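Data block below; observations after.
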Amino acid sequence: MASSSTKPDTSAETNDAELTRASIAEAIAKRAVSLQPEDEEERRFALERDTRQEFRRLLDPGIARGTSESALLSTLKMLSTIAENLLRDPGNEKYQRFKPTNALIKQHLVEAKGALEYAIALGFRAEVVHFQPYYSFHSTPKNMDNLRIGASVLKEAVDRINQKHEQAKLNKVDPKAVQKQIAQKVKLAYEDDRKEKKRRDELEKQVREARAAAAAAKKAAGPFSPKSPTKGSSSMNNGEDAEKDDDEDEEYHEDGHDGDELMSILPVQPRMMLRGGRTVGDKPATAETAEKAEEMSED
């Protein structure tokens, strides 16, 4: 028996794959168009994705491959300056073209691999005016969009390289710089200590001067106060009282009073006579006092 073999139908699978890709692209386009006005930036970014990718490929590997980082940065900065000036002032003829014979442009654009291709993608075209070669910008809506997109890609690349350089500087440790920084910190700490000590000494000096002034004021005010009289003040008061009593006695005698009259007006205390001429509470009686006592008793 003859066996019949069947071959797979690959044409149908290919058509299905193409239809799938077409439907995906159509869905992306419809979604970009159906976005709300506030999502205008996202819609534009979706529509410009392919153009942006083309500029990125022109930059890397186009310009970057086989080029040193310093030369690459110089080329990107020059292209970015040309694009930004034209975007900022598109009507200025000075920014609408550049001379490839210029020394800097020749070094960083004409001789740099892939740089002129990037400028052409931005919208510049080669032309000759009065036997002078130029690259002039052809202002069309498409070229203006390409100029804007290409300028943003250049700015991203320049910022990325600058950040890389800054990070490398931070990561690089210089022993001399570290020692210098440590010495500077020690010096600042020493100066701070000196300032702090000077401030404390000045404060202590002010306290001592204030105490000395208070002691001098207290000494000038006198050794006693009206609230608590001291021993010296009481003795002075006693002396003043004694002088006052002496003055009163002198005034009394000057008025004609003597001691006998003073005794006559004092009350006579009764005294009891005892045998032997003695009285109670008195000194021994003399003969005269004894006789007077007997006469008074007879009367």
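In case you wondered, yes, glycine gets a Cβ from its N, Cα and C as well.
Features of the protein shown, as given by TrEMBL:
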- 72-136: domain 'PUB' (DOMAIN)
- 191-211: compositional bias 'Basic and acidic residues' (COMPBIAS)
- 212-221: compositional bias 'Low complexity' (COMPBIAS)
- 227-238: compositional bias 'Polar residues' (COMPBIAS)
- 240-253: compositional bias 'Acidic residues' (COMPBIAS)
- 289-299: compositional bias 'Basic and acidic residues' (COMPBIAS)
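Residues of the same chain lying 6 or more positions beyond the ends of the compositional bias 'Basic and acidic residues' (191-211) include none with a Cβ under 8 Å from any Cβ of it. When the domain 'PUB' (72-136) is classified with DSSP, helix, strand and coil residues number 36 helix, 13 strand, 16 coil. Per DSSP, the secondary structure of the compositional bias 'Basic and acidic residues' (191-211) breaks down as 21 helix, 0 strand, 0 coil.
Counting residue by residue with DSSP, the compositional bias 'Low complexity' (212-221) contains 10 helix, 0 strand, 0 coil.
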